[in-house]
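Per Swiss-Prot, active site, proton donor/acceptor is recorded for 188. The active site annotation in Swiss-Prot covers 318 and is backed by sequence analysis. The substrate binding site annotation in Swiss-Prot covers 99-101, 129-132, 139-141, 187, 319, 324-326. Under the heading site 'Important for catalytic activity', Swiss-Prot lists 331.
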């Protein structure tokens with residue numbers, strides 16, 4: 001940034017602003033007031049601010065509230081913000097005033113000065129005024145929650161859902177590929193009745209698909225926009241047709257359907273929709289964590305673990321142990337889950353706060369939500385493409401472990417009864433024999449009957465196995 005400065009003014013007086021900056025006095029005050037985290041809003045939220053300001057200018061132009069020349073210049077400047085041409089002009093820390101006023105004014109000042117420049121005027125001369133023109137009929141109290149919903153729903157629809165769909169597709173492929181592989185089921189991390197590896201992967205696929213359903217279910221609440229409520233939800237200083245008109249332009253710009261909030265007081269004083277939607281993200285993160293942990297266990301080894309699946313060699317696993325390969329992508333998914341849980345705690349706390357007519361945790365809600373969405377979108381796609389897609393079944397290990405399993409005795413219950421089946425299982429464990437060997441030795445079943453009743457593949461289907469051929 002240039003060492004030269006220009007003088008900008010707001011209602012509190014003059015401020016020195018870098019000469020090549022599009023922001024003005026209020027943004028500069030925020031920069032100086034909030035040296036908190038060094039974290040500014042990212043691309044998605046800045047884009048959403050541009051979308052809101054563009055739609056507001058279009059609506060105000062249509063309603064005859066801002067003249068065509070200025071409105072068109074604001075629209076052009078906002079288009080540049082939407083395209084990411086001015087991301088470096090949004091330096092305000094996410095930890096700021098709870099209404100997000102600093103970020104709203106940051107957008108107003110950048111767009112006003114760039115619009116003036118497009119009109120052939122000088123930056124800072126206020127021919128396009130940040131409040132009177134760019135922010136006409138708006139308040140930070142309705143702009144920021146509107147941008148929150150626009151950015152959040154955009155993230156869910158265009159990134160999180162496709163990422164999860166990628167993962168679900170890879171899991172579905174493995175469910176088909178592994179459907180003929182019979183393995184030992186496990187409950188309480190102890191041997192249980194047989195299951196097909198494909199059935200387990202089908203369960204994982206369904207978990208992810210239900211996660212997509214949960215995300216889609218919260219979309220209607222996020223599609224409601226606070227814009228038009230102005231300061232406290234009454235709509236003071238805004239045209240009666242402004243909210244609906246602006247929402248139409250936002251829908252057109254994003255390709256996602258948005259509408260005016262059912263109740264502007266609720267839309268500004270509470271952020272239950274953000275809390276609910278992030279709850280869906282937290283649930284999805286938990287599902288991915290469970291799947292990642294299961295796959296890590298199934299791939300444990302390669303010689304002294306379960307070893308039922310073979311993991312991809314994504315990268316060397318150890319700086320000291322040659323040849324070691326770790327489930328690094330699955331571990332990354334585990335860590336994303338922990339961060340999402342932390343973000344959820346912040347969002348739940350922030351959504352429960354705010355006094356009377358305004359929730360004052362808007363920036364931290366937006367930041368944490370969008371971070372979770374970005375991480376889950378990226379983690380889902382990477383998990384599917386770089387880990388799940390490259391998994392292979394270790395059929396020999398699966399078969400060997402099934403043959404040794406004491407849980408096969410469960411299938412004996414309908415034929416010889418629970419007590420005798422327990423006797424067989426205990427004897428097999430004590431004597432180091434298979435269940436089949438013991439049940440035949442004790443004379444409870446013939447070899448042919450045992451082969452029918454103790455068929456591992458048959459146990460993976462609903463029904464009662466019997467040694468009776470009739």
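Heads up, residue numbers simply count up from 1 along the chain you see.
Cβ atoms are placed via backbone N, Cα and C, with glycine included.
Recorded features from Swiss-Prot, shown on the structure.
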residue	record	DSSP (3 states)
99	substrate binding site	coil
130	substrate binding site	helix
140	substrate binding site	helix
187	substrate binding site	strand
318	active site	coil
324	substrate binding site	coil
331	site 'Important for catalytic activity'	helix
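For residue 132 (substrate binding site), the nearest neighbour among the listed recorded positions (188, 318, 331), judged by C-alpha distance, is 331. In the set 101, 140, 187, 188, none of the recorded positions has a C-alpha within 10 Å of the C-alpha of residue 318 (active site). Each residue contributes its Cα atom, and for residue 331 (site 'Important for catalytic activity') and residue 130 (substrate binding site) those atoms are 47 Å apart. Between the CA atoms of residue 99 (substrate binding site) and the residue listed as 'active site, proton donor/acceptor' there is a gap of 48 Å. Least packed by the Cβ count within 10 Å, out of the binding-site residues 99, 140, 187, 326, is 187.
Most other Cβ atoms within 10 A: among the recorded positions 188, 324, that distinction falls to 324. The Cβ of residue 101 (substrate binding site) lies under 8 Å from the Cβ of 140, 144, each of these being in the same chain and 6 or more residues away along the sequence. Counting only residues at least six positions away in the same chain, the Cβ atoms of 24, 26, 105, 108, 109, 111, 112 sit under 8 Å from the Cβ of residue 130 (substrate binding site). For residue 324 (substrate binding site) paired with residue 188 (active site, proton donor/acceptor), the C-alpha to C-alpha distance reads 28 Å.
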